[in-house]
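Annotation source Swiss-Prot lists topological domain 'Cytoplasmic' at 1-15, 66-77, 132-145. Annotation source Swiss-Prot lists topological domain 'Lumenal' at 33-49, 97-104, 216-558, citing a curator's inference. Taken from Swiss-Prot, the feature transmembrane segment applies to 16-32, 50-65, 78-96, 105-131, 146-169, 173-194, 198-215.
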């Protein structure tokens, strides 16, 4: 193979192509590495310091490029493909210490150990190649240094946009386009850009990745993963990378429940254990009471006092999860439309959680659907709307803005009812802001939490907000009848909301004088970025809670 010196001394086009390739591949790997952290640490916590760290590594690489070139004898570029092959191996073993490392220390430590050196070397070597290829010394040192710097930044940024756009459509479609598969694929591209005999050193890492890395969704690696988590009483039923995260279905073989996982969170679960003399309900019981509480949207009495018949009623459900709530609505004979952004979530709900097929699925971003629907010449309106969106440990704040909730208001019939599930720390400003936004649009609301408030510690909970358009009549629930329970003892206990929360307690949170004051009364689209720090805190709390729900090895093995 040609040594680096000969590559460096070839024509300008060759230098620029290899330099640009290194920058683009570094951008690819940076984004993919972030995706691979999400199943272990959650998507939001993994983002907290990622951008800063990659930026520092890139800047350090650029300004140390001459030192790297001199100290390595122009051989540093050989190490880049080898390092790229070893990154999944390092990450695999470090992820097994995630509980000890904690969050957000775990993502930081993993990236410092693996990703940042790759970014630093890629930028350093690419910088030398781009400078040599452009050969702007005749225009002075200022031009010779800054034009390649700006050009490198543009190329890297273009790589980021390219990989995000590509994966938004194709992630998970093949093994090589899974998260772990992409790490191997990018390493192969690195090797193609910089071929050398040093690649022989990467053979052990490559062999480990394709034979023993349980993160790679192959038949034998899945079997190995099941052997590992079997000691904790779990079995992997299905898994696939998708647009919203790493989606998997897991069975708890001891307690008898099945869950759907999205990254480091659960979209829901249901009991599957069959007991003697037990008649299963029409819709399987969920493991979380909040999904049954959402079904109470049917129990809200109309302002005119006439009971609403299920037959002839229709419902719009924003966010599917495993399909507990929409499944119940369908079982009651309600014409149900489900809007779900992730096609794999919808597929798994049908295949593994008995979601009835007699519904209207809309696989689309809810914001686009609501905007298009409300702007239609004759917008379709619904008797019931259920807003239940939660992935990765943090609420998608874009679906709690004044604009989005106003869109749902336009799609709700005048005597209709909306139920909104909000999961988060009830003490945070972001929670109060979301509640105030909802109340500013719907004049009559009642709030209920899933369980009683804890005496000490963080107050992370699921909360359901029931609202109507009526300004006069308060929200009341009719007494349930046996048919409402769908043959379920669980529903007979949890269908009717019990733990009411005084909505007034959120009226002034964040609006007071002082360091925590001067907040906004409602959330609008252009200001969603103001809530990121609150999302970070809520996601970190959620991570700790999730570690008590499933064993560490289940989260780490993915």
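Here the Cβ of each residue, glycine as well, is placed from N, Cα and C on the backbone.
Across the candidate stretches 16-32, 50-65, 78-96, 105-131, 146-169, the maximum count of CB pairs under 8 A to the transmembrane segment (198-215) is reached by 78-96. Using the rule of three or more Cβ pairs under 8 Å, pairs at least 6 apart in sequence, the transmembrane segment (78-96) is in contact with the transmembrane segment (173-194). Across the topological domain 'Cytoplasmic' (66-77), DSSP assigns 8 helix, 0 strand, 4 coil.
Taken together, the residues of the topological domain 'Lumenal' (33-49) have an average pLDDT of 96. Taking Cβ pairs closer than 8 Å, the topological domain 'Lumenal' (97-104) reaches residues 40-42, 45, 48-49, 540, 543-544, 547, 552, 555-556 in its own chain, all 6 or more past its ends. Across the topological domain 'Lumenal' (97-104), the DSSP tally of helix, strand and coil residues reads 4 helix, 0 strand, 4 coil. Beyond its flanks by at least six residues, the topological domain 'Cytoplasmic' (132-145) meets 8, 12-16, 19, 151 of its own chain at Cβ-Cβ distances under 8 Å.
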